[in-house]
Amino acid sequence: MSRVKVAVLGATGSVGQRFIQLLDHHPFFEVTHLCASENSAGKTYGEVMKTRWKISSDIPAYAKNLVITTPDPAKTKDVVLAFSGLDSNVAGEVEKNYANAGIHIISNSKNHRMDPTVPILSAEVNSSHLEVLTSQKTKGKIITNSNCTIMGVTISLKPLLDRFGIESVMLFSMQAISGAGYPGVPTMDILGNVIPHIGGEEEKAEIEPLKCLGKVENGKILHADFSISAHCNRVPVFDGHTVCVSVKFKKKPSREEIISSWKDFSGEPQTLGLPLAPNPVILFREEEDRPQPRLDLDTGKGMTTVIGRLRPDPILDWKYVVLSHNTIRGAAGAALLNAELLYKKKFLG
């Protein structure tokens, strides 16, 4: 079976690099175009990335000799789908241009997330939200990831919401520096320090999960009906977002019921046996000092959400710690899993 031709937009950035790594020898998709800024256009990817590749494995052989172009659908006419790791300053218009040209977009940027016709897709959590794509007027459809911080949080909340109902959630994030992209946070700001503010993060963390965890009725996504309060902090960890979560339930569960709901959780990616689908989706660790980025980040090749430290909360009901890989499960990996789901469900033609 021939593979679907795809492009990577923002190919030189941190998320773009993850796309290129994860798409190497992919059974469904063939990367035929790499797109970046005018500064890189006209050069081969290997030439541009000689000193800029920041992933421990080597640049995949398929990518080295591809000539970079600017992100213009006229230059990538043969592709069916584009993965976007573009900066939000340019992503909105560029992604819309691709959709207008009939090329599907799976975006990691914030620009289209709150459009009522665009799903914030988390493949195990809300595959039913794909129904709203028919409301988009363009031939090419736009699908987005959530913010990387709340990806693991949303996965942790989904089975709890379904079984016990949720009234309110408090989040306290400790976000890795790779989440700021490259070159990222200045060394003098982050070494030996915690920065208690990340522009726009708290607003996204308080609203995106409600859309992601909502239900589709009459072709529209109805947001979940609980409240979220978030504190977001940048910490001197390279990869991995750790979030402390406290939850007030409509029907308070026991510790055993919560753990059981996490261990039993799976979704369409697991049922369909998608290449990047983690098994388990959630791993609960009993050790009192886990999860830790250094020890747990690569669980399930970076796609498994790791949870620990479940204990009673004296103000709400229960509290726990959730860890997810921000550039894999929270970005490129989630987007690729979404694309695999679209492929298997024949949304890509």
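For all residues, glycine too, the Cβ spot is worked out from N, Cα and C.
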Annotated companion of Gln175, Arg234 at the substrate site, Swiss-Prot, chosen from Glu201, Glu202, Glu203: Glu201
8 Å Cβ shell about Gln175, Glu201, Arg234 centroid, substrate site members excluded: Thr149, Ser173, Gly179, Ala180, Ile195, Ile198, Cys232, Asn233, Val235, His241
Inter-residue Cα distance where the pair is Cys148 (active site, acyl-thioester intermediate) and Arg234 (substrate binding site), in Å: 13
Candidate binding-site residues Thr12, Ser14, Asn326, pick with smallest Cα gap to Glu201 (substrate binding site): Asn326
For Ser14 (NADP(+) binding site), the three-state class that DSSP assigns: helix
